[in-house]
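Engineer: If you look up Swiss-Prot, you'll see Gly8, Ala9, Gly10, His11, Ala12, Gly13, Val120, Ser175, Gln365 marked as FAD binding site. Residues or ranges marked as NAD(+) binding site by Swiss-Prot: 268-282.
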Amino acid sequence: MNKFIVVGAGHAGLEAAFILSKLNNKVYLCVLDRKYVANCPCNPSVGGPAKGIVTREIDALGGIQALAADSTALQRKILNSSKGPGVQCLRFQIDKVYYKKWFLEQIDNNENIELVEGEVTEVIKNGDTATGVMIDGVKKLEAGAVIITTGTYLKSLTFSGKDVKNEGPEGFKNSNNLSEWFKVNGFELIRLKTGTPPRIKKDSIDYSNLQIEPGNGTELYFSHWSKNKYIDYELPCYLIHTTEEIHKIINDNLHLSAMYSGNITGVGPRYCPSIEDKIVRFSNKPRHQIFLEPESLELDTVYLGGFSTSLDISVQDKIIRLLPGLKKAEVIKYGYAIEYDAINPIQLYPSLESKLIKNLFFAGQINGTSGYEEAAGQGLIAGINANQKIKNKEPLILSRDEAYIGVMIDDIVNKGVTDPYRLLTSRAEYRLLLRNDNVLDRLIQKGYEIGTISKEQIDLYNQNLEKKNKLIEFLKDKKVGMYTLLKAHTNNTNFSLYEFLKRPEIKLIELLKLIEFDYSNYDLELLKNIEITVKYEGYIKKESRIVNSLKNLESIKIPKDLIYDKVQNLSIEAIDKLNKIKPLNLAQAQRISGINLADIISLKTHLEQNA
């Protein structure tokens, strides 16, 4: 049994550990303290635009986040249901206390995972290969590969106004030694910042005039494989807005924000700004949305989504109590910003292995990303590829047309990050191919080939695929008169049901009911997938043609030891960027910032001449 070390037990570390254990490996899961496992220091939710699709992609490859979210959901929502299928997704409020308990139970019941408490102070090397770690500077752990998933704990500082603390999220202990080790061993570190909102005592809020934000019912699931539920009902969220009075107080007290006083040197997230950042950057907006979200059935706290802040607590007290329904609010925990070290991810291969040290992988916020889902997606890929590396197998590298996980990793390893990277649907060129409903079509076969998807799972998928294909053939063959379908005074021209379903106002279930077709052995998700496949056939084929036209560049591999200075007519900037990033193929090289078409032509010519 091969041995692996995972450093950090957050969303990335857990995904890496469980996928490695599923592949029959021994995993040492290192964490500062057992209570840090599966911590959710920011929003108590999983999913959202693009991110929710990542959670389903993880599930299709055999990962665990979808099961955890389904098993701990307090509210389930479909987002963007009125928009096109390329942007529809799931978002669940989760119980952050039970989410942690759920993962600890999974760890305790898994013979292949051993939880090791203590601070990892350095990575042990043999030449240029990682072989283990030191715990607390004294205990040596050895393994075939090491995966770093330290989140926001490296040299972290928290800020509320002028108050600065040498600590990790939620007052937890941070980790300082590993940052120094990375620096000494040639890694380029960057300083990033994120933040979290205040938590309010649930019973101190007046809900009487607040706009309720209900869920969409308890029969929604991230996972394709199980129908786990935490509760058979849903807790509501509430929507409120900031006021101009609040904006004025924030503007008048920007000098008391750690972000604007100069205390923080790290770069904050562009797409998840603090409330003071929103007021400054979007000064023309008279109000901003704030969501009141429950954190747990076991906690008396409500999360103020959209109200992240590093303002002094005296200012926080004022502006919180000016929010609708919060006049008598009791603050359980004040908002704060956190600054931390990360590595520049251009130092990684698309497999998430380090270019500097073999068998050393990185995943999650250490790579400059933000979000639980982004972290989990990287953890899964790092775990799979650490396994592949030790077993001398090809790494799993998902392309931009196969998965949002592929889009994210391609972005960060080719372009690096300057602020915490967040996945957005707009980052994907092929959104219609990367839908919420077709995740299994895209990825399950890869999971099965690697060994993370079981024979039972692939058989179930193939049964559904056969049912899908049969129904599509039936729709193509079945001709029905227009009068029968519309009951309108028109000529009774015969149309296939397939053609008729392409009309935007026609729903598949309504059509099947009309012709009295028994669809009871089709689940609703499969019917939705069939409907989208038919309605968007032309657009899907168009995107697929574009993808296929670019595949040629991906097939032209670039040797890792290629000396770019010897490639004729390459620009100096191109040589510098290519030496830094070391792309694996021409398609990856083309996506690097600063590489132009002339550089690609020169590189292609050189590779062909030296094939």
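Cβ coordinates come from backbone N, Cα and C, glycine included.
Since this is a predicted model, take the numbers as computed values, not measurements.
Provide an account of the burial state, proximal residues and distances for the features listed.
Structural biologist: In sequence order, Val7, Cys30, Val133, Met134, Ile135, Ser175, Leu178 make up the list of same-chain residues 6 or more apart from Val120 (FAD binding site) whose Cβ falls under 8 Å from its Cβ.
Remark: Ser274 (NAD(+) binding site) has Gly195, Ser257, Met259, Gly268, Ser308, Thr309, Ser310, Ala337 as non-local neighbours, by Cβ distance under 8 Å and separation of at least 6 in sequence. A coil conformation is recorded for Ser274 (NAD(+) binding site) in the three-state DSSP classification, outside any helix or strand.
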Engineer: Out of Ala12, Cys272, which of these binding-site residues shows the lowest number of other CB atoms within 10 Å of its CB?
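Structural biologist: Per-residue Cβ counts within 10 Å for the binding-site residues Ala12, Cys272 bottom out at Cys272.
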Engineer: Among all chains shown, work out which of the binding-site residues Gly8, Gly10, Gly268 has the most CB atoms within 10 A of its CB.
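Structural biologist: Going through Gly8, Gly10, Gly268 one by one, the largest Cβ count within 10 Å is at Gly8.
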Engineer: Would you give the longest CA-CA distance, in whole angstrom, between residues of Gly8, Ala9, Gly10, His11, Ala12, Gly13, Val120, Ser175, Gln365, the set recorded as binding FAD?
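Structural biologist: Overall maximum Cα spacing for these binding residues reaches 18 Å.
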Engineer: Of all the binding-site residues given, Arg270, Lys278, which has the fewest Cβ neighbours within 10 Å once its own Cβ is left out?
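Structural biologist: Taking Arg270, Lys278 as the binding-site residues, the minimal 10 Å Cβ count falls on Arg270.
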Engineer: Out of the binding-site residues Arg270, Glu276, Val280, Phe282, give me the one sitting nearest to Ala12 (FAD binding site) by CA distance.
Structural biologist: Arg270
Engineer: Comparing the binding-site residues Glu276, Val280, Phe282, Gln365, which residue's C-beta has the most other C-beta atoms within 10 angstroms in this structure?
Structural biologist: Gln365
